[in-house]
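**Student:** Pulled these features from TrEMBL for this protein:
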DOMAIN    B:27-343  domain 'AB hydrolase-1'
ACT_SITE  B:SER131  active site, nucleophile
BINDING   B:ARG201, B:ASP339  substrate binding site
ACT_SITE  B:ASP305  active site
ACT_SITE  B:HIS338  active site
2 protein chains.
Amino acid sequence: MLECGALVAPLDIAYCAYGTLSPQRDNVILVCHALTGDQFVAETHPVTGKPGWWERLVGPGRAIDTERYYVLCVNVLGGCMGSSGPRTLRENGEPWGTDFPPVTIKDMVRAQARLLDHLGIARLFAAIGGSMGGMQVLQWVASFPERVTAAMPIATAPFHSAQNIAFNEVSRQAICGDPDWHGGRYWEHGTVPAMGLAVARMMAHITYLSEEALNQKFGRRTRRDPAPAQGGRAPACSFFGEIFEVESYLRHQGSSFVRRFDANAYLTISRALDWFDLSADYDGDLSAPFRDCETRFCIISFTSDWLFPTSQSRLLARALNRAGVNVSFVEIESDRGHDAFLLDEPDLERTMRGFIAGVSEHAGASATLRPGLSHAP
Amino acid sequence: MLECGALVAPLDIAYCAYGTLSPQRDNVILVCHALTGDQFVAETHPVTGKPGWWERLVGPGRAIDTERYYVLCVNVLGGCMGSSGPRTLRENGEPWGTDFPPVTIKDMVRAQARLLDHLGIARLFAAIGGSMGGMQVLQWVASFPERVTAAMPIATAPFHSAQNIAFNEVSRQAICGDPDWHGGRYWEHGTVPAMGLAVARMMAHITYLSEEALNQKFGRRTRRDPAPAQGGRAPACSFFGEIFEVESYLRHQGSSFVRRFDANAYLTISRALDWFDLSADYDGDLSAPFRDCETRFCIISFTSDWLFPTSQSRLLARALNRAGVNVSFVEIESDRGHDAFLLDEPDLERTMRGFIAGVSEHAGASATLRPGLSHAP
């Protein structure tokens, strides 16, 4: 049963697992993915053939060490890589499409909790994720505080801001304004709203990078237009036969995204993001969901992230402090914007290693004091 | 003859004028408009019925005082409010459409200079403008230093950054990806690429506002969806029957823009913006265009403007300083983002009044020393 009251049955939950579950089932790290991420965190992506999106941090000997921990990554509810979502076929043989009920971050987390129940895992050693993945981490602790020993929300926020919502709304208008969307029933027409989805991705991609990163990476460099002026398209495609490199890059980002992502899933997940507001159930009190919570937190933000700026993480850290939660907050100096959490950032890796080691020692010491944790309701 | 070598003939230049030209023709202030602005700076807009976009600052007794100055505002070349542009009919009775040649900020300024020649105005007392208007102001001094006594570039930059270009490119993709664009020949089909243009405007509008302004104005407030879920459109339109106020606002911005602006003009002007780089003709030396220039400058930026951030104005001020130009630089504290230059900002008005008064006194004192300035080449 979802927050909206609708039922998705049967419920498919697709996930990847790495490492070995300990006999005590106490070594589980849940990695939560972002808006356009998926469960292929540490293995080659089946569609793109690219390496897993966090292979840098998840694997044998890595910060999230699969030789020590059993690592799970779950495709979010509403997504398009195997978990129930708009592309899933219903019993009548048709995809759900836009009839797929609206989902929330809370719904995503509850679906993951059901998977853990199914696997007989009572408690997570840690929940870790960036961006929307960080929202899931926060929601995990808010919904199931007794099931999470350590939480690491990265480059995220306790709610989606007006600017975040505004950008998402432009994405949705681009997708739904594409006539190939066909009111969401594009499979009936053998189309996908490729242009709208590409525009949505291009715009979102700008918000993932800092101005500085764009300047360094592309500046005002130009190249010959690979698709030179044809008929009347000149002013759109090129200028004096040249295009800027940043344009070429964005076009590539847009078109390659369309090949791997479902438009209706994008709509569904972007709505879940917009609707996220941890304090909404508590009259705006952001400390309330974390009172009496024993989860240890490590919050990470990046200086040049303007999509989920440090101020949002600071707000969260203060609320956790007020709730008496054990929290550390690390702002990492980086000029790569929001995407920094996916990139080679040594400080991120160091912080993650240190936090996991610290919690592990503490948990080992206190394990004998608090045995026999049972399943959460 | 344009920079690209093409010829636009006949050349239409539409403008509005306010106040009285002095017998010496030495009281002219040129106001330059932004990307989606036009010449209706201080009078009711003929299409929207709204007040002029700078009535706050231009008029009798205002900072740009039409009782004292003869104020001109010219629709930019490539625009859609009367000056030659993609919507202008050619001799064959068809609009130029995307055959309209690419124009640059330099071309816009040269067209304005031809208008001044036509009106017998040798010299501007001042050139003033914000955003793309500020680029024209800078280009005016670079192209015709002996024709501009005072220059006030506001909320602008000496070049379009990679991030600026990136956002513009998404706009262009949205417009050209709209099937109603029809390769730019939409008039043949009785359509306009309304959805693409609206998406472009919505996205651009976010970049005109600060995160703070959006938070203050809308926050996460919701309202009932005025266009409730029909058939399959639910996930795109609303969530639990509600939409966020910021979404409703953006949709309105998008749809009202489509009624007053031409898509091909938007493409043409956005390209001119991207191509703008004052130092490009001087091997990247931003001081070079201003050497030996006697124009007095007042540069204005706004603290929360992230589209044309203060750092860009500072770069410009430093370059002018290096060139030995008389320049003052005022960063105005405002939380309204780029749009601040169009809004009620008392510090902007005060600075403008002070600068104009100062230059006026100085010009009066030196008028007898440097009489008889002739037309520039």
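Cβ atoms are placed via backbone N, Cα and C, with glycine included.
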**Student:** How big is the Cα-to-Cα gap, in Å, between B:ASP305 (active site) and B:HIS338 (active site)?
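**Tutor:** Their Cα atoms are separated by 4 Å.
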**Student:** On average, what pLDDT score does this prediction assign to the domain 'AB hydrolase-1' (B:27-343)?
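**Tutor:** Here the mean pLDDT over the domain 'AB hydrolase-1' (B:27-343) amounts to 94.
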**Student:** Rounded to a whole number, how many Å is the Cα of the residue listed as 'active site, nucleophile' away from the Cα of B:ARG201 (substrate binding site)?
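**Tutor:** The Cα atom of the residue listed as 'active site, nucleophile' is 16 Å away from the Cα atom of B:ARG201 (substrate binding site).
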**Student:** Round to the nearest Å and give the CA-to-CA distance linking B:ARG201 (substrate binding site) with B:HIS338 (active site).
**Tutor:** 15
**Student:** So of B:ASP305, B:ASP339, which of the recorded positions has the fewest other Cβ atoms within 10 Å around its own Cβ?
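**Tutor:** Among the recorded positions B:ASP305, B:ASP339, the lowest count of other Cβ atoms within 10 Å belongs to B:ASP339.
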**Student:** For the recorded positions B:ARG201, B:HIS338, which Cβ has the most other Cβ atoms within 10 Å, all shown protein chains included?
**Tutor:** B:HIS338
**Student:** So, three-state DSSP: helix, strand or coil for B:SER131 (active site, nucleophile)?
**Tutor:** coil
**Student:** Over all shown protein chains, what is the count of other CB atoms within 10 A of the CB belonging to the residue listed as 'active site, nucleophile'?
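**Tutor:** So the number of other Cβ atoms within 10 Å of the residue listed as 'active site, nucleophile' is 27.
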